[in-house]
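Okay, structure first, notes after.
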Amino acid sequence: MFMLNLLTMIVPVLLAVAFLTLVERKILGYMQLRKGPNVVGPHGLLQPIADAVKLFTKEPLRPLTSSITMFIMAPILALTLALTMWIPLPMPHPLLNMNLGVLFMLAMSSLAVYALLWSGWASNSKYALIGALRAVAQTISYEVTLAIILLSTLLMSGSYSLSTLIITQEYIWLILPSWPLTMMWFISTLAETNRAPFDLTEGESELVSGFNVEYAGGPFALFFLAEYANIIMMNALTTTLFLGAWNNPTTPELYTTNFAMKTLLLTMSFLWIRASYPRFRYDQLMHLLWKNFLPLTLALCMWYVTMPIMMAGIPPQT
């Protein structure tokens with residue numbers, strides 16, 4: 001039964017990822033005053049299926065000098081971790097209601113760094129290695145602020161379980177009392193998922209394609225799926241943390257619809273940002289984090305820690 005539940009979670013995620021690629025190409029197309037994919041199927045609806053068939057029927061080539069075990073393991077690890085992070089997400093009922101669901105998600109996103117590092121190192125190519133080092137430095141840096149912002153929101157909800165956040169936000173979304181945190185969280189998720197304007201890892205002009213430059217066919221498709229699954233997952237987490245939908249226990253499907261709509265809107269904003277903004281320079285990327293976000297998030301975290309202590313001495317107002 002658990003395996004069936006697991007499948008009913010994984011299959012929709014993979015389907016969503018497949019059609020997100022189509023939505024992205026369509027939106028970017030219309031923003032650049034062109035059509036986007038419109039040949040395969042009605043309005044290009046079968047394009048993701050054609051892409052999948054093309055990628056998985058290609059011969060998975062590998063460089064002669066690569067470390068074969070790591071080279072094959074890296075994309076598998078990337079996709080496995082991307083799908084594992086969906087387990088504690090409440091929609092409104094999670095697959096596993098973990099006491100420390102937030103910590104689990106942080107740990108899984110930290111492990112994703114290994115997939116990037118392995119793929120760059122095992123390819124035995126200087127472009128892949130430089131791309132991987134960039135990706136790892138960026139991911140590790142932005143995880144610092146993500147962790148602090150998560151801690152601040154948890155101080156407001158009072159539990160490490162994600163399901164508690166639904167109850168916390170019955171009366172007010174957490175985006176309202178903590179909008180600076182939300183802004184920084186959203187920008188950090190862009191950087192964490194290597195999306196424009198922070199897509200330094202795949203700087204085509206200097207690194208060809210980044211850490212996955214030597215991958216082709218199936219393994220490349222796995223990296224691609226992992227990247228887009230992470231994007232949807234990060235937006236789903238943003239919805240859970242800051243835009244919590246109201247959950248009526250008798251009609252859980254209303255929560256799911258609400259949750260999906262908000263996640264979709266956030267994902268659209270990712271694509272909108274990609275079409276609108278140019279890429280950051282690498283030093284600007286690091287300055288933004290270490291000199292702007294980190295001091296601000298630390299100050300706000302201290303504020304959320306001290307606030308209940310300061311208020312504790314005030315007698316109840318009737």
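Using the three backbone atoms N, Cα and C, a Cβ is placed for every residue, glycine included.
What you are looking at is a predicted structure, and each value in this text was computed from that prediction instead of being measured.
Database features, via Swiss-Prot:
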TRANSMEM  2-22  transmembrane segment
TRANSMEM  68-88  transmembrane segment
TRANSMEM  100-120  transmembrane segment
TRANSMEM  147-167  transmembrane segment
TRANSMEM  171-191  transmembrane segment
TRANSMEM  217-237  transmembrane segment
TRANSMEM  254-273  transmembrane segment
TRANSMEM  294-314  transmembrane segment
Closest-packing stretch to the transmembrane segment (294-314), where packing means Cβ pairs under 8 Å, from 2-22, 68-88, 100-120, 147-167, 171-191: 147-167
Chain residues outside the transmembrane segment (217-237) and at least six past its termini with a C-beta under 8 angstroms from it: 13-14, 16-17, 20-21, 52, 55-61, 71-72, 74-76, 78-79, 81-83, 85-86, 89, 91, 105, 112, 115, 119, 189, 192-195, 259, 263, 266-267, 270
Distal contacts, the transmembrane segment (147-167) - CB-CB under 8 A, six or more residues away: 88-90, 92, 94, 97-103, 106, 174, 177-178, 181, 184-185, 188, 240-242, 244-245, 247, 255, 294, 297-298, 300-301, 304-305, 308
